[in-house]
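Over in TrEMBL, the protein carries these features:
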- E36, N40, D80, M85, N93, 100-101, 122-127, T172, R336: ATP binding site (BINDING)
- 29-182: domain 'Histidine kinase/HSP90-like ATPase' (DOMAIN)
- 1-336: region 'A' (REGION)
- 552-630: region 'C' (REGION)
Amino acid sequence: MSEVKTEKMGFEAEVSRLLHMMVHSVYSDREIFLRELISNASDACDKLRYEALTKPELASGDFGISITADADAKTLTIADNGIGMDRDDLIANLGTIARSGTANFVDQLTGDSKKDMQLIGQFGVGFYSVFMVADMVHVTTRKAGDEHAWLWSSAGEGSYEIAEATKENAGTQIVLHLKDDAKDFLERYRLEKIITTYSDHIAVPITLAIKGGDKKDDDEGDEPKVVNEGSAIWTRPKSDITDEQYAEFYRHVGHGFDDPSVTLHYKVEGMQEYTVLLFVPTKQPMDLFDPARKNRVKLYVKRVFITDDSEDLLPGWLRFMRGVVDSQDLPLNISREMLQNNPTLERMSKAITKRVLSEFEKLAEKDTEKFEAIWDEFGAVIKEGIYEDFERRDAILKIARFKSTGVDGWTTLADYVSRMKDKQSAIYYITGTDAEAVKRSPQLEGFRAKGIEVLLLADPIDDFWLQMAPDFDGKPFKSITRGASELKDIAGDDKEDETEKAPEGDLAKLTALMKEVFGDKIKDVRASDRLTTTAACLVADDSGMDMHMERILKAHKQLGAVSAKILEINPGHAVIRKLAEKAGDKGAIDTLADPVLLLLDQAKILEGDELDDTAAFARRLSAAMEKGLV
Ligand SMILES: Nc1ncnc2c1ncn2[C@@H]1O[C@H](COP(=O)(O)OP(=O)(O)OP(=O)(O)O)[C@@H](O)[C@H]1O
């Protein structure tokens, strides 16, 4: 017999950190390791079932997962006849951290085992959780279509070994040598309970056999017994499925660790036939803002898993949804490439999207609080649909929620419109990168004083959808940082404005002087009615681009230079009054140059813009302070 070559390999540093924690864990829900292993085994069966559509020789018999507890050997074995792994797969999957969820988990480890343990519940650690219960793990695996089998072994600290092995069929067998304090995972009652609690929804049969030990309490013999329902959960009637079973399935299919906030389970029959089981998570999935904007809903055809990577199953703006769509109409031998631009899939996608939106609409009416909690998490993503999904634009605008100066929580556009003032024709908004900073924008002052509501938009997508959606209910959206304000024409609820203002004549002299000082730095200077407490602010020209949008485009190098702005000054502000008084004096252009330049820099700072010359700003400010102090 030739000698078996064993290679010793070190775990990736992050895995070692993770494993160290697992090995020394005091986590009370250790039983989740079994859920993770069953989940992986089921995924492996799904993958092979798909491969076998085009290469039937790869699969051998019915798919199944078997769990064997050996009380004498103190081992728990989980075996599947799924896709299996080759040597490279083993190194990539059981030696590194591939999943973003786990990587995030490791990033957040503090070294304080109590705190770290709490994180497991939020992230899950997949396969590595076996080291909470086992001090030695052997994985024997053979990839379907491959003649070699491999044995991966590790005690969970620092390193693992890989050696060539023999295995009759494709699939994976994982043997856990249980730690002394984990022997309860050999008991039938305990195992059955774990499997039915966490894995009942698994669509392949899970058999359990108990071997050896004292059989006094277990008269069911050594024969493997099927312990789960074994049918795909989405094919079962709703009335047979408990909330907990839905939640477990959600966690399995969505790789989530929270509970679903909405479960949508229905069947369509007629022209098209398919079943939908979709979930809205409670918390944002890790990859929500990945630039790839991938959809994670799994597409099945007649119960056979096809892909969880179809760009056409649901639009990108619903990428937070998790679950399964099982079609009866698509051909079973459909390749993933053939799914692109497939008319059946397109029709299905449209109908599901419509249904999801109408469920949101219903929920928003029936349980506003719950819908708003969903909006808190996913609103920024749903709004991408206003930008890119022309057909759904109106429907999304209808359910969309916004922060506004008029209310504390969220408002709908319809509610905003119902609160519009007499002669107010537009829906006013202001955009920015930070919700709190937006709230403090000087341009809001005049609107606040008149009780005219302004939407406060601080999601990156806001500037973009506003380009695509010109109005709601016939009312145009209008940026309050662009163009002349129509405040004086709108009947607000302010009292007679009694603030003392600079006389028109002086003001005209001051604006002329300022224009001269600023040159082409500024497009125009004019008196403002949008300011009440701030001396000056910048606004964009009516025909120009919204200032925040311009800044975004410049940051993304989509725009060379920003256009010159208009400086609006507040005639009621003491500084402006003083300046206006002096603007007609002889030599005023010299004496007032520094203060008016300071005003301009101040307005830029309020916008979060960079100053052209910070040294000059500091010098002017010091000079002004000196004048005030001495
Ligand atoms: N029984 C198995 N058969 C084939 N491949 C497996 C098996 N178990 C694990 N793997 C491979 O190892 C990878 C890592 O597994 P792990 O449980 O750590 O994470 P995951 O399954 O990707 O994510 P999650 O735990 O959220 O399901 C899997 O993605 C899979 O490719």
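Glycine is treated like the rest: Cβ placed from N, Cα and C.
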Residue, out of the binding-site residues E36, D80, whose Cβ gathers the largest set of other Cβ atoms within 10 Å: D80
Residues near R336 (ATP binding site) in space but at least six apart in sequence (CB under 8 A): I306, T307, D309, S310
Neighbourhood of N93 (ATP binding site), C-beta criterion under 8 angstroms, separation at least six: M85, F127
Three-state secondary structure, which DSSP defines for E36 (ATP binding site): helix
Three-class DSSP secondary structure - F127 (ATP binding site): helix
Average model confidence [pLDDT] within the region 'A' (1-336): 88
In the chain carrying V125 (ATP binding site), residues 6 or more apart in sequence that have Cβ under 8 angstroms from it: L18, M22, E36, T102, F105
Counts of helix, strand and coil residues, the region 'C' (552-630), according to DSSP: 48 helix, 5 strand, 26 coil
DSSP three-state assignment for D80 (ATP binding site): strand
